[in-house]
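What TrEMBL says about this protein:
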REGION    1-22  region 'Disordered'
COMPBIAS  7-22  compositional bias 'Low complexity'
DOMAIN    86-167  domain 'Cation-transporting P-type ATPase N-terminal'
TRANSMEM  143-165  transmembrane segment
TRANSMEM  177-196  transmembrane segment
TRANSMEM  338-359  transmembrane segment
TRANSMEM  371-395  transmembrane segment
TRANSMEM  834-856  transmembrane segment
TRANSMEM  963-987  transmembrane segment
TRANSMEM  1071-1093  transmembrane segment
TRANSMEM  1108-1127  transmembrane segment
């Protein structure tokens, strides 16, 4: 058996690193010595067999070059010193020559380093050692971005059009003085809401970033001194010790058990040993390089600065992030399309009626233009932009209460629309905190975490029993044979910070939680000797003053299992040490294989009770010459550790899969480790091709590809994948990419998007940031996340709880449903407003709904009722997460997408062969593109694609438009017109003044052009059927009031009808939202004020004389509308029933047994 991670922890053929001389006393406290970091061992027959990496290393390790960089090269510009790294292949002599610095590897603390003057000179030439901050857009420009969004542009256009009407006919369009101003003001307010929300998110994000300048130890003029990391230059000599963050990319020339945590850069959870020798070509695997931003977890080392600022590896990855751009969110695209539809319909109708007004009605050009612009304005739902923004803002606030920070309001809905969630492993799905899992000692297997009797673990192992002598002793060995220490003894064991590598941290935390008197253990059992772990021995040893029956000293040893077993001659069993037999070795092999097959890191533990006559209590041990025993030990057992999944991750991924979202792991960790975790958290339930072959007893090639539903891909295969390979991978239900680089993660995201996926990416490391930026929705971790990843993401999980993504997906789906309800409800009132204008000019009749009443419809009673949808609960909580994504990726959608891509490629501009980038468009090119898009509107292909049946659900679909403009819009318009004519007739019957004749619809229609006094010149005013113009005007005001109130009452019914998206409009769900009743009440009070307060009547041309009996007409039409909606729902459900996702077989929807919060 071989240790899977030995290669990562040792240089091939390397001897143990020589101890590094410490800096002068008083400058730096001596660094901790190292300890073993033994990863899980692959058994002879692993339970999991992922795709193996090619034996040949990759040929190039340059960070992926961006098109911008390529163009700069073409222009002869000097790029940032080549984006590949080669220093790790050079000997120390050449490094000294290249960077003009002198060091002494034998005595590194005595190295001269750079002179202060030379360092200052280089700092002036090279600039500070910091990443270039991301370019920030000026707040005014950000505000303008929001203001010039299509929705707000529509409002601004309507406002300007209102002022054009005012200019054409000031007297006839006096209300437009207010209408235009209010429309423009609403656009500014709407933009301001979005701007403020964005600024708040940016301020919160700024507070999360680490703004404190880092300090480090450098050697200049032969002296060690603390220096600001910003002042480091190439050639500087830097000393790094345990707990320090590496301040720049360093070439290591001296090391003492030096280990770094590269997880934020590579995704590798295991600490990586760094020495002064290297045999790896890949710089990320080079054992003589440490990188800016990584953490020293053990030992200490000296290095020469070879890269600073943007030229470091982290800087190169950050530049990849800067060169990536996130496309429009699905919601933004659909709202833009909706605006195009409204603007298109309004423009066509306005042009049509402009022509009719000129020809049929023989109006003057100014009067016809007045009518056309009025028709256009009436199509604009003035309150809808504010409604959408406020609904998204409320959703963002609800997500903030769940510790999810949304930078962009549209991101709320995007999370609900994702079809594929690509997630990092270390620190995202797992805690990045090694945890003791199994203990095999005394011949028995124990489970170290809480478990229930019915759990799988209970069938495999016993509950940990600390009263057992073997268990107690192996836990003591784990605690004492260690260099890890708590930084403070305050607080609970689970919360205390620990100084040490991940493996020893896990062992220490477990021991502290199990041993009753742990806090004084190091004083009771003082250490007298320590032999640190090294890459040759693969074990660490300590000797302690601990009394036993034979003497006063105990020797403890831990390390790679096969190495430790070779040093043992006895086996601890039944409370005593017995001779080690072949039967013991077979049991060891079985337990070792069991632990390793689960992807765990496995360590072995042994002890030797030193005889007092040979080793008295005051015996002085020395390392050279060796005077301590290292054979004849007693084997105590094995302990396995894993980086466990976070609390709630298993259920979260299960819920995602139930919601039809494909969850994919993309990690820099080992394939075996990644697959083992994936199988614990519902990410991988089915067999890979290799596992199928093993179970069937056939070769891998004999397994049909159609049978395979799960796949594990090694990162080194990615660059060689063909289009067919990518299609094959994404066709699988369960996917894991392991050993991936930042370039690979970005490539995976782009490939998924090219197949039509709406991609969400979660991650916390620097290596995740390019993918976070490119994804439709990047989700970063706050606590464990790097600053670069937080900047790149569109959403941040403040408490690092991955399970919050499920709440976010549910919230996103709910807000989409509620937005759709709100738009369907809001747009419905457009038709009664439009028909009022059309009938006014075509029939003509006195204008049933004036401009100011349209304004107090859209921005009056409609707003509180529409905003109430923000609090609407899901119709069925379980059902919402059982629906397929609204834009699913299916074979049909893939075929449609590829066909359109082929057609688009024909019309695409030529691409530069060398750079692969299209040249920038000239003004003429842009005009040509616009003309091509315009002419496309008149082709059969355009309309065929527009009405092509798809599986997608969009914000404004044919169902919404049909209901709003044709079905409900028509019924409500009829109800309003009946109320309008009836109210005028009723007024003529019950007026305070006895009118000579009744105001019938025929009378109104035949004299509509000259009715009343408003908008009619004195010369054209006339008495009709004995009714003078003033009474005509009052009757008209009563009719307008009735039209307005009829619209309100029917819209109230429509509000509740629109709540039913998945079923019939009845039941508890229709009444569950109290804010609906509050909105209706506020709207009702508002309408009463407009109609029945006499002073207000003057401004809005309404009348308090409207009889409440007229209310019965729109209420009756409301019941008619409700009955029609039930019949419509029955027909739709019969023709196209709602399809819920099938259950995913094998999901484990319960917490992992050891999982605890915090």
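Note: Cβ is positioned from N, Cα and C throughout, glycine not excepted.
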DSSP helix/strand/coil residue counts for the domain 'Cation-transporting P-type ATPase N-terminal' (86-167): 52 helix, 1 strand, 29 coil
Averaged pLDDT, computed only over the residues in the domain 'Cation-transporting P-type ATPase N-terminal' (86-167): 88
Ranked first among 338-359, 371-395, 834-856, 963-987 for CB pairs under 8 angstroms with the transmembrane segment (177-196): 371-395
Other parts of the chain folded back onto the transmembrane segment (834-856), taken as Cβ under 8 Å at six or more residues beyond its ends: 162, 173, 175-176, 178-179, 182, 349, 353, 356-357, 361, 371, 374-375, 377-379, 382, 973, 976-977, 980, 1004-1005, 1008-1009, 1011-1012, 1015, 1036, 1039-1040, 1043-1044, 1047, 1086, 1090, 1099-1102
